[in-house]
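Taking it in order: structure first as structure tokens, then the write-up.
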Amino acid sequence: MATHAEEIVLVNTNILNVNMSNVTKLTSTNYLMWSRQVHALFDGYELAGFLDGSTPMPPATIGTDAVPRVNPDYTRWRRQDKLIYSAILGAISMSVQPAVSRATTAAQIWETLRKIYANPSYGHVTQLRFITRFDQLALLGKPMDHDEQVERVLENLPDDYKPVIDQIAAKDTPPSLTEIHERLINRESKLLALNSAEVVPITANVVTHRNTNTNRNQNNRGDNRNYNNNNNRSNSWQPSSSGSRSDNRQPKPYLGRCQICSVQGHSAKRCPQLHQFQSTTNQQQSTSPFTPWQPRANLAVNSPYNANNWLLDSGATHHITSDFNNLSFHQPYTGGDDVMIADGSTIPITHTGSASLPTSSRSLDLNKVLYVPNIHKNLISVYRLCNTNRVSVEFFPASFQVKDLNTGVPLLQGKTKDELYEWPIASSQAVSMFASPCSKATHSSWHSRLGHPSLAILNSVISNHSLPVLNPSHKLLSCSDCFINKSHKVPFSNSTITSSKPLEYIYSDVWSSPILSIDNYRYYVIFVDHFTRYTWLYPLKQKSQVKDTFIIFKSLVENRFQTRIGTLYSDNGGEFVVLRDYLSQHGISHFTSPPHTPEHNGLSERKHRHIVEMGLTLLSHASVPKTYWPYAFSVAVYLINRLPTPLLQLQSPFQKLFGQPPNYEKLKVFGCACYPWLRPYNRHKLEDKSKQCAFMGYSLTQSAYLCLHIPTGRLYTSRHVQFDERCFPFSTTNFGVSTSQEQRSDSAPNWPSHTTLPTTPLVLPAPPCLGPHLDTSPRPPSSPSPLCTTQVSSSNLPSSSISSPSSSEPTAPSHNGPQPTAQPHQTQNSNSNSPILNNPNPNSPSPNSPNQNSPLPQSPISSPHIPTPSTSISEPNSPSSSSTSTPPLPPVLPAPPIIQVNAQAPVNTHSMATRAKDGIRKPNQKYSYATSLAANSEPRTAIQAMKDDRWRQAMGSEINAQIGNHTWDLVPPPPPSVTIVGCRWIFTKKFNSDGSLNRYKARLVAKGYNQRPGLDYAETFSPVIKSTSIRIVLGVAVDRSWPIRQLDVNNAFLQGTLTDEVYMSQPPGFVDKDRPDYVCRLRKAIYGLKQAPRAWYVELRTYLLTVGFVNSISDTSLFVLQRGRSIIYMLVYVDDILITGNDTVLLKHTLDALSQRFSVKEHEDLHYFLGIEAKRVPQGLHLSQRRYTLDLLARTNMLTAKPVATPMATSPKLTLHSGTKLPDPTEYRGIVGSLQYLAFTRPDLSYAVNRLSQYMHMPTDDHWNALKRVLRYLAGTPDHGIFLKKGNTLSLHAYSDADWAGDTDDYVSTNGYIVYLGHHPISWSSKKQKGVVRSSTEAEYRSVANTSSELQWICSLLTELGIQLSHPPVIYCDNVGATYLCANPVFHSRMKHIALDYHFIRNQVQSGALRVVHVSTHDQLADTLTKPLSRVAFQNFSRKIGVIKVPPSCGGVLRI
């Protein structure tokens, strides 16, 4: 007879991978179309049965033998179903995928979607009914406003949908009908789930149910039966029907023992002692009817109780224990069920947990064990034992046997005891079954040892590894350190990338620390293996070290695991971009996340969060200063690699990678007190054999611990260490501020700096016997070996534990990279040339002086102590000078020396906890960039600046440049009639595009506002390139793949020679002591002078013309060099220069010539120019002002403002006198001015800026609110900009539009245009016309005239650039009348007042230099430059204009 498994045959025996790339993604509105498309596709592959269930799942096993065989049809069915499951998920949008998160098969997904979207539910009917009505009104010419549509939909909803109504009403702008429909569907699904939910409590230990109307045999033991995880016998109890059953058979006599009175011959239900429970039972059944799902168990006999005795129960569905110590992992029971015993009474369940049973070869796990205090036997559910551990149990009359289900090898054999099957436990195993024989620790101690993991992970480790726990009945107390340091946002969804072996996918990212570490580390880079989740961490001092670090990492892991790295996944940071050539040469794929989208690299981001949270918790728990974060983070990664994770089925990454469990017994609490054996380091026999140190981590190249001696800063690596995990040395030490360069303070700490971290990865273990290890531990001066084989006695420290790291766990392999040398650090000598930097007591010893016998290097930076500044500035002495020439002022030292800490320096000893004691600063707010944070830290005067050696060095560099350029001569003061211009210092911190600090800059500027025109200066001019010229040249360079170099001329204004006689006072802080009344007669221009920009331009222009450049007529700041077919473009914006060209040799020659003539700082490529971030990708160049936008938002406290979709609201319209006048318009004017500069890369802001600029003379609160809306729009789009696409066609066209009488104050029209060179937006404008016009045609006509003027100028510029257009420019206008006027020679009296515009355009059109073409209003891109638009229209036009967030990642086309 054929079995059921043989009857089910798959229709298609081939495994097919369905291509669903052409299937439209499922949304909440297109289910019917989507389902037909998907069903037809799978029907074509003959796989539709997997969707509708007609192809059922075959049985997992087949055969009638004792050991079943795997069913090949089941394996084939499961593989095909998973492929279909994945394909369907890929065809579902992200908003719909949560609805099918519980489905495990393709058929379940299909049925779930059908129930949600195919039923004629209230949400679907409501949507269709209202959308149909709205469409009918629109067809009748009476369209309903969107706000009214939303109101009509919401007012017809029942009370069950009130939460949705409240959420929509709380929004500033009403959502779309599609979004409302999605919310109604979600709410409807929740209501259906609440109405149809069935509560099914757990079942446990089904043994008996007392019922006088049944003859069921209650003895479930003693038969010779086989049980394994494949039997189909139901273990659930089925209640008997009410009433008596008719059974004519003679009942057999009962041969077992009663479970109540222990007398043989009758069962428990016929026991005489049972009658005393009858009344109680009947009363309980009448008030609380019995449910078949209630947990039940046998009533234990009154035999001697042994908590370690376990009985096998073939009818039980849950394990039960009455001894809490049997549970290694436990948690309170939250269900509402009790265990019912044979007499009908119930026993409460208080906890659930896990346990394990030992066998000859492996332990068997008992999961979901119920802790019932009042039961007297421990019961093992045979069903759960077999299914959990993949074993089978064979019962015999006097014994039983447990076998491995896969191999059939016997694991354990037991005998019956008192006619019960009792699990055999030897006396020596009775204690070790559930607890370790070593010393026990509390849950809190294990929580600290393991790096403060979550409660689930902690319990999993304790359970699976049988760790010794003291007082297991106590719950884990709340950990304040975890609450403080592990607060986080809601996680993102998991990635769909799968891997099948180690190193197939390596995820990497760089983390930046706001605090410079004690070893001068600012960053760390991680490499995470996707398959095992194993993590490697390398500390970095600069991001540029990532490439070399990856090369070392690649060699290390590929050699260790004998496999190659397949794919590196990272972000688009410059530190990873430079790896592309190396990766391609070695056959490694490089996947990158889209710019500013860290969620796509979620594995690395989550790993960062895990590492940082655990590291900060370790620091906080041990009161360790945050400057030690590399040590804490390395320990955190060390522990993370050894902690089980649900992603690996509660395996640890270490075990997944190396195939063996980690050793947890060597773990100690980070930062606790430790006492290493230091006898080999002593100079004489009377020195202490040990010192109190702080435990800082685990050695990865040796089987040893890292111990930091805080007073001396020495880091010992020792195997023989005693630990006191209750004491933390850092918590009892008073610290000053951090010794990092970024956090110096006037108060000096009383503790020295420490050793640097090794350059090896901090978390790389590997199995032993891989070759010789490099020893980096400190070694004694005379001893040949730092380790001693004699065990240290711990008798004198009863409260401490002596520990030695186990050698059973793999250690790190040797590292081929550089290792730290064991040489003492040589302290820098202080220079006494500067009076400010002199040590007040140079002969006194410094407490930071390194120990000459120290085997470890000291920190290269000692703690600075800056003396208290005086009220006057100490001036450097000037050397003697001749009468004809003034010698240069003495420069400030370029590298200020390190000042040693005075031994008697005051130390903060008060008890108040401050951030300064921990060496930290207040955390930055969201998007808080360095410029906004450092705005108040920039000195205002020279007196303030001279207190800081960094500003003092910057001032010295500026003075050196002035002296080297011979900018002035020191002369006696001129007659009183001659103006003496003052001067002052301007201090600025220069930042990179990512907000990181670049350098400190001090600029000496003249007070040019004191100059008088005609006397002190004649003409002024500043070389400023037009923004349109910049965009045109960059577009041409990108299209032709030319290199673009960025130059910065150092002290550019100092290059210009003055023709006027100008006198300036001596620089503050650098006054000649011998001639303090002298003044500086300027020879060269200096910043701040009215004529300085013009003098610099004349100097630069003269030089460029001599070397062959031609000055452009259209833009005087543009220079063109052409030699044969080679051409070079140079754009000048004051002292910033862009240069590009088609000949790299000529380009390099030009750059070298400029560097020889001027002091030029050259950048490798364009990246940050005039506050514009330029990101070049293979598809083109993206220009944005992200950092400038964020700085503006930070300055106005709008970083956390709620974003809006449009910069201006469509209603109400702004008027001149609406609202209340602002008392102080300064801030309003400043923000509008900033927005004007921001419009350089944001044409979507042009109209808003133009509109708000009209009220700068008298702004009101209405205008201020409109300005704040623009800032809110920027808060949601800080990284938007224009994209110059490669492969562009150089055709010129423009869109022109006008808003006729749009200003209700004076009824003047607003015209706007946007000009394109191919797909590149190169010029745009939004401004009011000069006067009132009488028709829309006239307004549009004047706008076309203005646009044609701009096109004519652009054509002239293109001609000078050597670019010839193949077709005349085209202007697109949406006004038919204006288009006809341009094309037809018509003129009459009504057009007299626009005759000039008419003749100008007519000549352009008739000569063929211009064409005017009509375009539909829906395609008029300039519409967004003349009036506020709705959200949908604005976003549509912004996208068409070319304002995007990031450049296309895979060659996407920018559609216009």
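Residue numbering: from 1, along the chain as shown.
Even glycines carry a Cβ here, placed using N, Cα and C.
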### Query
In Swiss-Prot, which of 257-273, 359-375, 954-970, 1311-1327 is tagged zinc finger?
257-273
### Candidate with sparsest Cβ neighbourhood (10 Å radius) among ASP509, ASP571, the listed binding-site residues
ASP571
## Note on the structure
Simplified to three states, DSSP reports ASP571 (Mg(2+) binding site) as coil
### Across the zinc finger (257-273), average pLDDT on the 0 to 100 scale
61
#### Entry: Three-state secondary structure, which DSSP defines for ASP509 (Mg(2+) binding site)
strand
